[in-house]
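Structure first, then comments.
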Amino acid sequence: MFKKYQMSFLLFSLMIFFMIIMMLFIYKNMTFILEVNLLSINTCEFSFSMIFDKVSFMFVTIVMMISSSVFLFSCDYMKEDIYFYRFMWILLSFVLSMCFLIFSGSLLFMLVGWDGLGITSFALIIYYQSKDSLIAGFHTMLINRIGDVFIVVSFFLFVFLGHFYYYPMCSTALTLMTILSVASLTKSAQYPFSSWLPAAMAAPTPVSALVHSSTLVTAGIFLIIRLSMVIPMTKELSNMLLLLGAITCLLGGTAAIYEFDLKKIIALSTLSQLGLMVFTLGMGLTNITLFHLFMHALFKALLFLAAGSVLMMSFGVQDMRFLGGISNSAPFSIVIFNISGFCLMGAPFLSAFYSKHMILEKMMFSSMNILSIVMISFATIMTAMYTTRMMKSLVWGKPNIKLIMKNSESIYFSMIMLSFFAIISGKYMWSLENWFLECVFIPNYLGMMINFFVLMGILLGLIMSVNNSYMWSSMFFLAPFYINSGKLLNPFLKNMYFLDYGWLESFSKIDIISKVSSNFSILLFSWPIFINSFFRSFIILMIIFIYVMSY
Amino acid sequence: MVLINSWSVTFCTIVMLVFISMLSFNQYFSNIMNYIFLYNNVSSLLIFLSILLVGLCFISTPENKKSRYMMCLLSLLFILVIVFSVNNMLLFYIFFEASLIPTLLLIISWGYQPERLQAGSYMMLYTVCASLPLLMVLLYWSYSEGSFMMCLSTMTTNYESMNFFVYLAFLVKLPMYSCHLWLPKAHVEASLAGSMILAGILLKLGGYGLIQMNYIFNISGNKSTFLIFIMSLSIWGGLLASLMCLRQVDMKAFIAYSSIGHMALVIIGILNDQVWGILSSIITMYAHGLCSSAMFCIAYYSYLKVRSRSLMHIKGLLQVYPMLSFFWFFLCSINMAVPPTLNLLGEMFVIPSLWSLSILFIFVMGLMIFFSGVYNMFLYTSINHGVHSKYILYSVSMNSSQYMSLIMHMFPMILFLKLELFFFQKKIIVELQNQCFSVKLFWNEPHQ
Amino acid sequence: MSYLQYTTHSHARKVRSLYKQAIRLLQSYYESFDRYEFRYQAVVMRARFDENKNETDLRKAKKLLLDGQKELFLKSHAQPMKFAESPGGVAYQRHFPPPDWILDTWHPYEKAQYPEYFALREIRKKEFIDRWEKQYGKGDHEVDH
């Protein structure tokens, strides 16, 4: 009876375990590095190493926190699926590979987590048997594969360094750092690679809750954080991150305004928050990025769980034009929606307030080009705008379909647990670890302006209604480009046939030889009918062997 | 003959032999040479691989217990063990060629389509024609050096003019793209055991030969135009073979083309003759031998469910035979080099040696890694995803011998933790066997 | 859901189909937040169709139909409203039922958990085979799959 809750229970107890260790590590400020040397060639040691420090323990605590509630949620969400346990095991391996990535210290172990995330996310996205999910899965897998190729190909730069850790980068490793950052941009869905993120919504909702909060998309960000913890980035790299982050932030926000699919709106909001994180990395604030990463993970998982409970009511209907009036049929889900929505906007004293406001104020504080500032300000307005728009259409109006709420304790419990953390953790983390603190000196009106952005976004979301734009709902034509890029290969593949069976085959002329020698075909191609002839030849070979040996 | 006729006795012997061959892993730092045998860590790995794969052939086809079949496999094993360990160059050549005969019999006798005759003639003509010039070169070498011993590498004469003939035999055997036409044909027509042995060991024979010839003729790594040409041809050919996979409809041809793509890495790693490259090609040979053989196994098991190898007919296995589909996913992931596997190390370690040639090689290599991901996942999804095909027959999922075969294919991947085994030292220490033992004791201490 | 047209349709049916598609399109545009806007637009659309209801000249009617179809295409929505289970919807072909014979491959221990069902299943299988043999005759040979 309780068997299906076992994984959730396991993850929850691991969370408590890691939380205690996290406290210890923060208190003592320790770092452990465990290293196994697999092979050493000419002083170049190919090793397998793990880092245990406060960052990895904080991250793994957050991952366990989220995944325990998501597993609990999916016990009920996937209840009627006949392949329930298959789903849970793939999901568990997904979480496991994220943990590998968090603790990894060297290239090989990082790739275990990195590629493991790619493979298991592919298996999860194609979990449903439809054609759409297959297309989405390939879309995701191939863009992530580009990142893998970048990492694998950068191997020779590691050889030049003489070691395979990616944390103590000396300043000669800046090329390597750039390549690895580009690889992590694919995983974190930054601008030219961002179209897989909404496509990955073809997966079941618990998967989306994990993928988009703490696991898959944050892997790239986490890699850049690890890389830039020791030495600062080059100016070119940080400029690239600033620009791409700002573009992604704006793109995600704008596309979310034009979107009608409930899950895709949340996915696009993840995209804009990821853009904000990369932007912060470009400013060189690794610790704030990490803080926002944690806060974002908590409230975004909560948002997905709330959306999932709505989808359970509507039997899979995601289109917001069908939904509506949920405040009547499921008031509790709407409460959760509101908490996480306000977190997303950065409403005061919820968890994301502490991180998002800090980022925006640091942006006002630091010296950078006006273009990025304007883009991020617009994106902040848009965040408030699409959140309000989503809430408006969910809460008000009348539903076009029947909504039936199935009462279930596990869903309620998972959402309550996560919302508790989403409310308090900002203040809690801040008071636990002063590494996340930054000081800002800005004029009063700039500080007020950030609040004004949010209010303006809410107002715009209430009054504006936008309808139809192919350009924005296809993410500036990015999604059709990636989906149809396979067609570029088609004529090439068609002609490959002529290369193999046309040119090479006639070049070798075996057919012609056999035709010419057809008179002798009885001699040449009469295969041994009796197996004895084989034995005879074998014996002859043996005789030759013995003869030569004795010689 | 009574003993050999009994399947279980043969099988138990093979299992014993596997363990005996594992003993030689202990001597990974030196070459052992006596009058007949020359023995280094590459050959010990490949001997282990060939004994293991012949044993796995017995497990995978338990319904075929005829003495002819066993005799064929055992004689092939005998030939392979000798090829990998013999010191005499002429004997190496003779047994290199002799390995074709049992393979041919495996294709001709236990294949099931009339096209198998054509496939057999393709295989014979390609490999024999390409290796005849090698015989001439070998005879010339032994004439000028005055010995057949393979452990004597040449120092005096310059053999660069004969590069092409020396390498051709092994390039066709591996095969390099443009000499590869026999391989998909042979794989498609061969029986399961034939495919397993062919992909698992016979291709590696080419790699082993390349390493030996490099050593004997001392002609590698000099970046002559010819070598650069061969290397660029092989890496572009690997890319083309990966692309060619995407248009295959036959599962076995699909796997055959993917192995052509992987063998390109072996060629380029050995011919470039640098530490990372040779390490990578030995790892790739070992890992690909296990992985592709396991993939042929599972292709055969899927064939049994539908009685067709066409990707058009096998759909949606995940709904019907979940265990089979799990192994498909596992093997496709290994074949696309997912991290804690040897295949990944093979692909990764070749990159420093490619860098020493040109950055453009790395570009092509990146494309190849990308497309290997594409075609493996394409293979997995086109077989397992979606609604189940109506052609799938009623049957139980997998039986224990099939599980055993697939798991035992995966098990030797644990050598991942013992990477020193793949490390080939070019500067060999020629010692007599008893002296070797003492040296080994001496050298083993710092490792422990 | 008729997404694959394989029969010839009369003119009237084509017009009705156009009307339905136009209303669905309006729904995609105006349904989002308040229904009144959509109702108003739907009435306007109905009036446009009613205007030419009594058109007797077939050439004119044909032209009107083609114009309507063209307008429908030009105004098509980037994210049309699709029911979840219909083609193009999110839940389309999400689950397929596995074939029935899977149950026969269960292990006896697994079957023992549902004794009544499997007892009945055996009876039904026997009945089916009997009916088959009565209709088509007994098979000549055992097929070993």
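Even glycines carry a Cβ here, placed using N, Cα and C.
TrEMBL does not curate its annotations; it predicts them automatically.
The model shown is predicted, which means the values in this text are computed figures rather than measured ones.
As annotated by TrEMBL, domain 'NADH-Ubiquinone oxidoreductase (complex I) chain 5 N-terminal' applies to A:39-88.
Summarising the annotation, TrEMBL assigns domain 'NADH:quinone oxidoreductase/Mrp antiporter transmembrane' to A:104-383.
Residues annotated as transmembrane segment in TrEMBL: A:7-27 (among others).
Annotation comment: TrEMBL describes A:55-75 (among others) as transmembrane segment. If you look at the transmembrane segment (A:55-75), the same-chain residues 6 or more away from its ends with a CB under 8 A from one of its CBs are 4-5, 7-9, 11-12, 14-15, 18-19, 21-22, 25-26, 87-88, 91-92, 95, 98-99, 102-103, 204, 206, 209-210, 213-215, 222, 225-226, 229, 290, 293-294, 297-298, 301, 305, 308, 410-411, 413-415, 417-418, 421, 429, 433.
Feature annotation from TrEMBL assigns transmembrane segment to A:82-103 (among others).
If you look at the transmembrane segment (A:109-130), the same-chain residues 6 or more away from its ends with a CB under 8 A from one of its CBs are 48-50, 87, 90-91, 93-94, 96-103, 136-137, 140-141, 144-145, 147-148, 151-152, 166, 187, 200, 202-204, 207, 211, 215-216, 219, 223. Residues annotated as transmembrane segment in TrEMBL: A:109-130 (among others).
If you look up TrEMBL, you'll see A:142-160 (among others) marked as transmembrane segment.
Residues annotated as transmembrane segment in TrEMBL: A:207-231 (among others).
If you look up TrEMBL, you'll see A:237-258 (among others) marked as transmembrane segment.
Using a Cβ-Cβ cut-off under 8 Å and counting only residues 6 or more beyond its ends in the same chain, the transmembrane segment (A:297-317) has close neighbours at 62-63, 65-66, 69-70, 73, 76-77, 205-206, 208-210, 212-214, 218, 262-263, 266, 269-270, 273, 323, 326, 329-330, 333, 336-337, 339-341, 343-344, 350-352, 394, 399, 401, 403-406, 411, 414-415, 418-419, 421-422, 425. Marked as transmembrane segment by TrEMBL: A:297-317 (among others).
Note on the transmembrane segment (A:329-350): residues 269, 273, 295, 298-300, 302-303, 305-307, 309-310, 313, 356-357, 360, 380, 383-384, 387, 390-391, 394-395, 399, 403, 405, 412, 415, 419, 422-423, 426-427, 454, 457-458 of its chain, located 6 or more positions outside it, place their CB under 8 angstroms from a CB of the stretch. Residues or ranges marked as transmembrane segment by TrEMBL: A:329-350 (among others).
The transmembrane segment annotation in TrEMBL covers A:370-389 (among others).
Among the features that TrEMBL reports, transmembrane segment is placed at A:442-463 (among others).
Marked as transmembrane segment by TrEMBL: A:525-548 (among others).
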Selection from A:7-27, A:82-103, A:142-160, A:237-258, A:370-389, the stretch that has most Cβ pairs under 8 A to the transmembrane segment (A:207-231): A:82-103
Residue distribution over DSSP helix, strand and coil in the domain 'NADH-Ubiquinone oxidoreductase (complex I) chain 5 N-terminal' (A:39-88): 29 helix, 13 strand, 8 coil
Average pLDDT across the domain 'NADH-Ubiquinone oxidoreductase (complex I) chain 5 N-terminal' (A:39-88), rounded to a whole number: 90
